[in-house]
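A.B. asks: Sharing a structure here in structure tokens format.
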Amino acid sequence: MLRSAVLLGLVAAIGIALLYQGTGGQDAVTYLQDSVPYIGADVPQELGYGGDGIRVAVVDTGVDPTHPDLKVRGRSFVGQAEVPFDSNGHGTQVAGIIAANGGMQGIAPGSVIYSYKVSHDGDAVSSDLIVKAVRQAIADDVDVINISLGVNRTNRQIDEAVNEATREGIVVVVAAGNDGPGAGTIGSPGINPNAITVGATHNNITSRGPASPFYIKPDIVAPGVFINSTSLGGGYNYTSGTSFATPHVSGAVALLLEKNPTLGPSEIKSIIVTTTDLASDEHGEQFPVEVAGSGRLNVTRAFNAELIIFPTSLAFDIALPGTADTEVLRVRTTDPPVGDIGVRISAPDAFDVSHETSGDGVAFTARMVQGVSGEFAGRIFLTHKATEYSIPFVIRTSEGAITASSDSGTLSLGVDAPGWSFARIYVTDSKTGYTDAVSAVPGRDGQLRVYDPGTYWIEARVTAGDRTYSIYDKIGVTQAAERGATDVLDIGLPYRQMIILAGVTAAVAASGVALSRYRSDSPAADLSS
């Protein structure tokens, strides 16, 4: 079996110099202090919440089960050992930020750590082991999975394991990675739209978005430089990196789940991501969304929040001056009825963004009022019962538009753009991340069948003369196609695609390749001393 080398998000003890080389600003004076009150986790703790009984999986280098501050269960996927002893220290540091309860106190000191060891030394780990660990966490019925590791590219197997966990009601929190400051440096599982992806404040090496035209990554940032946590041998040590920002969010999730045990992964993510503080540099300039996502973790605000907002960010696509695009935020509350909601919009100068409230939604319409091109950022603020919620958005301009319609699950897809001659159109299921593609030419749309209702993201890569550019759109499907239909759709180049599909099918059948779902018969053992 091919094995993907997966670099761990390790940046151990980068040093004080990094404090002055990073993105700086309002967070610079706090990292030598206790990060629990800094992110507001002390408020729910003072009210008696500690994440009691919440099971948090740490997929990492193992955790030291002899550390007096930690309660640990779990297993190892490395070698023959069943016990996930940590020989590196990375996993023990991650676990302490979440759940230390002794000489130091983590974000959720009442939670229980389930350690799944996937690496000895923290340098590399097989993606297969990450998948096995996530599936073991599902089998062990954990509530939260913390993954402070990843790859700098897309890995379908890891992303599907994350999707499987969220479908089972588990909140998955992952590190953005330490491959910054270049753009587009977030890989799997950080690019997964169902995960909460965490960057580190005041850290110039944090991986950055964009990860997709349709959603914002990272989702959030948290303290990740000079964090004091549990270490091997029963002691404590300072460390840095997005690996250690991530468990701050996992601990916050544990606190929220203790207060709101019936909420699912998408609801918890909404509360965490929309209640952030704006993150800015030393000059007071806000970090762009591809650096800081919605902003910096604020546990107090999340703990007091009652609104659940979908989605947690918006993207508007506008083709020409005077044209508009409308996107809707769906809003509900943990304590019905919703009541009054205040709306404030911070929009780029070249656009007018208006809103209209109807039922459980707030519709926002972005209209271009000046002739500009490119991508622009803004932010929507909702106020409910004295709590403010922040929803970032982007506005993209393009030279054309996608034409899309749905008839009983069959999508007809084309392009309306000057001088175009060909388009390859990609359709992605927003829930699963699965992508399919069709081709279109002027006068002949591509057709694609979808089998599940929901929202589908569309990207058309358009050829016009010697240029190629992309156009984006979305389509909602309420009536999906029936599975098992055998008719062949006209998709632009049907004969060639059918030949390729037939060849691939024959090759797979001949090789006897089958996907098997990992299932362990060994339950997690209690390792606490």
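A Cβ is built for glycine as well, from the same backbone N, Cα and C atoms used for every other residue.
Here TrEMBL flags Asp60, His90, Ser243 as active site, charge relay system. According to TrEMBL, the feature domain 'Peptidase S8/S53' maps to 51-278. TrEMBL lists 1-25 with the feature signal peptide.
What does the local environment look like for each feature on the list?
C.D. replies: DSSP gives His90 (active site, charge relay system) a helix state.
Classification of Ser243 (active site, charge relay system) by DSSP places it within a helix.
Confidence across the domain 'Peptidase S8/S53' (51-278), taken as the mean pLDDT and rounded to a whole number, stands at 93.
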A.B. asks: What is the total of other Cβ atoms whose distance to the Cβ of Asp60 (active site, charge relay system) is within 10 Å?
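C.D. replies: I get 33 for this one.
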A.B. asks: Return the count of C-beta atoms lying within 10 angstroms of the C-beta of His90 (active site, charge relay system), excluding that atom itself.
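C.D. replies: 29, counting other Cβ atoms within 10 Å of His90 (active site, charge relay system).
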A.B. asks: Measuring Cα to Cα, tell me the gap between His90 (active site, charge relay system) and Asp60 (active site, charge relay system) in whole angstrom.
C.D. replies: 7
